[in-house]
Ligand code: NDP
Ligand code: MG
Ligand code: MG
């Protein structure tokens, strides 16, 4: 059985005794900084000169410093910048201020796992990775709950890195929901696999292919949209609350029989083979190399694919139909406001 930690397993005093610099004030950054501050932690937010995020952090009552100054003051630095930007910021502004006994924290293992950032000896290196977007990390904390998180230690210089990571997880509310022990490699590889194969890549391709199949066969795009995209939420909510069996209990027997007999034909042995190939690209570092090179080249392929995705017919029909159901997007602006982008 995996090791899980809860409130009683963490010592809040450890993180309350540190000077924490949260670098970045985006999705995760705003949530960590605000939750830690409200948990009695001494927090400063580190941002680049002229950062559009600075005003938001200051309005929220946080102290904002240029990245290097925040790191110079702090004895624990949490890297909450976009992953492809972390290496250059680490080299310029973080590494020069890391002293023996300091701690360097991450919310995702990418840069350590794929050798982009190699922290100096003498520094604790740990991860506290919430398993949810930043706006949920903030909202659930305010409501008295939390988002589950993973913790891992890549380098234990002080012998206390693990306890410090649990204390940090407590400060952002994660121990209220459960904190799972993992490694940088497991977190990074499973996170990339999940988002590529199931949560984002697999799901969006499945929805688009189902939509296209119906429209190509002459069905109304509106029907195809409701059937292949809109209804997903109901199914996902049921799975989230009660698992796959609970979801199947709620659907009709006809739907369940179709699910059981047709699902494995869609996700067949060929698709499973492709999943294993994609996992291998992740583990071998080939995906990381590709993504790093894409960023270095100014992201031409990424931007072209992004544009093509936005131009898919399902987006136009979807925005027309959702405009008639304003209640669906009602909470959205508010979430964007707090997540800082
Ligand atoms: P965001 O993209 O939301 O971070 C944006 C922040 O980084 C802004 O404050 C922005 O400031 C700053 N920033 C952007 N570019 C630079 C730069 N070149 N130099 C300095 N600052 C910059 O990041 P996320 O919160 O999505 O991700 C942060 C970390 O958390 C990553 O490691 C990610 O993998 C991890 N994570 C993210 C999750 C999520 O839900 N998004 C979930 C779990 C983990 P400015 O205003 O100056 O642009
Ligand atoms: Mg991810
Ligand atoms: Mg149906």
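Each Cβ is built from the backbone N, Cα and C atoms, and glycine gets one as well.
Unlike curated entries, TrEMBL annotations are predicted automatically.
For reference, TrEMBL has these:
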type	residues	note
ACT_SITE	108	active site
BINDING	25, 26, 27, 28, 48, 51, 53, 134	NADP(+) binding site
BINDING	191, 195	Mg(2+) 1 binding site
BINDING	191, 227, 231	Mg(2+) 2 binding site
BINDING	252	substrate binding site
DOMAIN	2-182	domain 'KARI N-terminal Rossmann'
DOMAIN	183-328	domain 'KARI C-terminal knotted'
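Each of the binding-site residues 26, 134 was scored by the other Cβ atoms within 10 Å of its Cβ; the lowest score goes to 26. Under the DSSP three-state reduction, residue 25 (NADP(+) binding site) is assigned to coil, being neither helix nor strand. Highest Cβ count within 10 Å among the binding-site residues 191, 231: 191. Taking 191, 195, 227, 231, 252 as the candidate binding-site residues, the subset whose CB lies under 6 angstroms from any atom of ligand 1 is empty.
For residue 51 (NADP(+) binding site), the spatially nearest entry among the recorded positions 108, 191, 231, 252 is 108, judged by CA separation. The candidate set comprises the binding-site residues 28, 53. Of these, 28 has the most other Cβ atoms within 10 Å.
For ligand 2, the nearby binding-site residues are 191, 195; that is, of 26, 191, 195, 227, these have a C-beta under 6 Å from one of its atoms. Taking the C-alpha atom of residue 26 (NADP(+) binding site) as reference, the shortest distance to any of the recorded positions 108, 195, 227, 231 belongs to 108.
Cα distances from residue 227 (Mg(2+) 2 binding site) to the binding-site residues 28, 134, 191, 195 are smallest for 195. When the C-alpha distances from residue 191 (Mg(2+) 1 binding site) to the recorded positions 27, 108, 252 are tabulated, the minimum falls on 108. Taking the Cα atom of each, residue 231 (Mg(2+) 2 binding site) and residue 252 (substrate binding site) are about 14 angstrom apart.
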